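S.K.: This is the structure I have questions about; it appears just below.
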């Protein structure tokens, strides 16, 4: 039996019958359909809001970033519920049903004219169009945030559900798990490819109701396929709220700091706790080096150590070594998490201003007219090519060269993504300068006619940001999953999506701050009005480039000091908490 796992009928999961590549394959197919349903609308939503719902470009951009930010932030809720009370299996089914209802609402609104405002064709930046009324806006945001709730639950449960199908007690199982995360990103790209080509074309040429309808069918199909794989899954048994452990340790440390009864810490002496009898006996059998290492790490975080004082202020707050170590792991990975927020702030531009830039340019490739929202096809295709190459060529070569199981460490992957985001923002600024120069030279600053410059220039920034996303997201998800304690894995994986959420929110905040500050020192803010040609978007991109550079330096500060917990399974980590090949970045 797989200890700690059950099947979908809550019976013990059996080796050879549950888990493995087949079970994970169902998850990957489901992810293609789920991401198709989400990105089919998210990638083109900024144009729907500006052209159909009559919001200004900057307002549309903020609505999109807030919507996508909320979607990813709610991944924390999905991860928490998966670890605390429900399983990843049921969280996915519930979340997919919620997303289905939200897409139905959006489909009806796009289908029925009375539920939308009248179309406005004004290009005068000082003239505002009639935006959606209260009832229309309520239906729009109700549908959007039902979708966001559903997407959050799926993102917080599905990756962890797939990764849990592999046996981490063997090197082969851990390698398969690493392969799963790479192909998870590949399947994200497959869904995105269909979304930004077929579905976006349908939305632009046949109507938005058809685009929303395709998304609705896709998410419904994903539920059916997920259920087909039920008999193959092994499902982790929830171990209670991870927040309870974190809260208890922090409260104990705080209380013991204010009301100490004994100044001598008893960090390792937990023999009085029945829960740690086996752990201590194992230590005494020959793991002195492990004790010294743990003691050293604990001394580096003295505040948390106080939660294990010999005579605590409140006996009910007594914490075991295992609980303290779990909280310390969370504290250690937080700086890495915070360092990725700026990268995702840059990625937010892919679905906002970059789409609007392309909409002002010549979108023909030969005789084929490409919808602006199909621009992400370039990084998507590049990701679909790079992901298998990375997994089957680069990683094996790196493993052979470094003589380590990982080959390329998680933090190295994340750092590569952060560096590429800096390059992407610099390229974006240069392209925008060229676009505006063409608009001025052609006398089309106040015209709705396409500029005589191909939209493929904008594709350059997409390639760099797409590459950054591949390196950072896959590395971040695997990093959080492998480093986190077993009881927090779904929540830890969801933290990757929370980084995306905070990036989208930060993008909205930066836009608002930039408009507020620049509006005080010149006639109009940098990002104001309904005509993108009058924006100072290139200055905004240069600002993002500088902020990304500073963020990269901040990341290096923490990454070079980080010591990996281990690549070994949880039941062996307590015996050997250090892998020499992974001691450094």
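Here the Cβ of each residue, glycine as well, is placed from N, Cα and C on the backbone.
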S.K.: So which range, 20-40, 125-145, gets flagged transmembrane segment in TrEMBL?
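M.R.: Checked against TrEMBL: transmembrane segment maps to 20-40.
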S.K.: Tell me which of 300-321, 410-431 corresponds to the transmembrane segment entry in TrEMBL.
M.R.: 410-431
S.K.: Can you say which of 267-289, 497-519 is given as transmembrane segment in TrEMBL?
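M.R.: Here TrEMBL associates transmembrane segment with the stretch 497-519.
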S.K.: Which range is it, out of 333-355, 563-585, that shows up in TrEMBL as transmembrane segment?
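M.R.: My reading of TrEMBL: the transmembrane segment range is 333-355.
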S.K.: In TrEMBL, which of 87-108, 153-174 is labelled transmembrane segment?
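M.R.: It is 87-108 that TrEMBL annotates as transmembrane segment.
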S.K.: Would you say the transmembrane segment (20-40) and the transmembrane segment (410-431) are touching, if the rule is that at least three C-beta pairs must lie under 8 angstroms and be 6 or more residues apart?
M.R.: no
S.K.: What stretch of 61-81, 333-355, 375-398, 497-519, 539-558 shows the most Cβ pairs under 8 Å to the transmembrane segment (181-202)?
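M.R.: Per the Cβ under 8 Å count, 375-398.
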S.K.: Please work out which recorded stretch in 20-40, 61-81, 208-229, 333-355, 539-558 has the most C-beta pairs separated by under 8 angstroms from the transmembrane segment (497-519)?
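M.R.: The stretch I would name here is 61-81.
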